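Straight from TrEMBL, the features:
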ACT_SITE  Glu101  active site, nucleophile
ACT_SITE  Glu105  active site, proton donor
DOMAIN    21-215  domain 'GH16'
CARBOHYD  Asn109  N-linked glycosylation site
SIGNAL    1-24  signal peptide
Amino acid sequence: MSSSGFKFTLLVPLIVACLMASSARNFHNDFDITWGDGRGKIVNNGEVLTLSLDKASGSGFQSKNEYLFGKIDMQLKLVPGNSAGTVTAYYLSSKGSTWDEIDFEFLGNLSGDPYILHTNVFSQGKGNREQQFYLWFDPTADFHTYSILWNPQRIIFSVDGTPIREFKNMESFGVPFPKNQPMRIYSSLWNADDWATRGGLVKTDWTQAPFTASYRNFNADACVWSNGASSCKSNASPSSASTNSAWLSQEMDSAKQQRLKWVQKNYMIYNYCNDAKRFPQGLPPECNMS
């Protein structure tokens with residue numbers, strides 16, 4: 001082999017490696033820190049994002065892209081120690097007075113007491129669909145993956161691949177479903193000690209500040225919405241989905257359904273569908289569907 005040929009064979013793997021590295025997810029490419037006056041930071045060459053909260057301000061970020069359906073994954077490590085009064089919110093939302101929104105909110109607590117994972121779904125500006133859970137691990141000790149699967153048939157909230165909640169499309173029963181408004185990903189860390197911990201009885205201990213939450217390994221298998229058009233051929237037609245967009249028609253298999261039941265039996269602490277006092281005119285219609 002000539003020396004030039006030998007150099008070329010060495011060069012090809014290097015080029016491939018560089019291309020692969022450049023295609024890896026980087027917070028600089030995917031997100032903008034939108035508020036917090038320096039309290040939000042992208043570090044480790046774009047691999048990690050941190051949000052901080054002190055008595056003066058919290059912080060937040062949003063995605064550069066808008067999405068209309070997708071499977072969104074993010075790893076979070078929550079505020080450790082005495083996090084009472086703090087809320088870490090991670091959600092999808094559109095804009096306007098009739099917005100759609102899919103929420104994860106992590107409500108802090110006193111040291112040794114569990115975080116509460118609060119979920120909600122808004123459609124056309126209407127929410128009031130809260131379900132709350134304890135987690136089966138310490139979410140401050142390490143990173144864990146929090147996922148939203150959003151397709152035309154259902155929304156599934158998952159933690160480390162275990163489904164905790166499903167909100168099905170029940171438009172045929174008059175229940176609005178988020179399907180027409182593209183949404184951005186947002187996250188923020190903020191002080192909500194007027195309600196977050198024991199209904200506001202436990203206040204934020206500012207001697208513990210700054211409080212910090214960390215993010216890594218963002219991934220979006222999703223339809224990106226840009227200039228009034230989707231990057232997917234057909235949002236509503238799963239038959240057009242390739243193997244890479246199987247999420248467009250994904251549903252839970254029997255094993256996932258069993259895991260969902262396990263979580264809801266053992267870790268759910270509030271379900272709006274069981275709160276008859278809150279809805280004296282009758283429970284929302286989706287609560288009566290299987």
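Each residue, glycine too, has its Cβ placed from N, Cα and C.
Bear in mind that TrEMBL entries carry predicted annotations, made automatically and left uncurated.
On a predicted model such as this, the values are computed, not experimentally measured, just so you know.
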Pairwise CA distance, Asn109 (N-linked glycosylation site) versus the residue listed as 'active site, nucleophile', rounded so that it is a whole Å: 25
Nonlocal neighbours by CB distance (under 8 Å) for the residue listed as 'active site, nucleophile', same chain, sequence gap 6 or more: Tyr91, Leu92, Ser93, Ser94, Asn120, Val121, Phe122, Gly127, Pro178, Met183
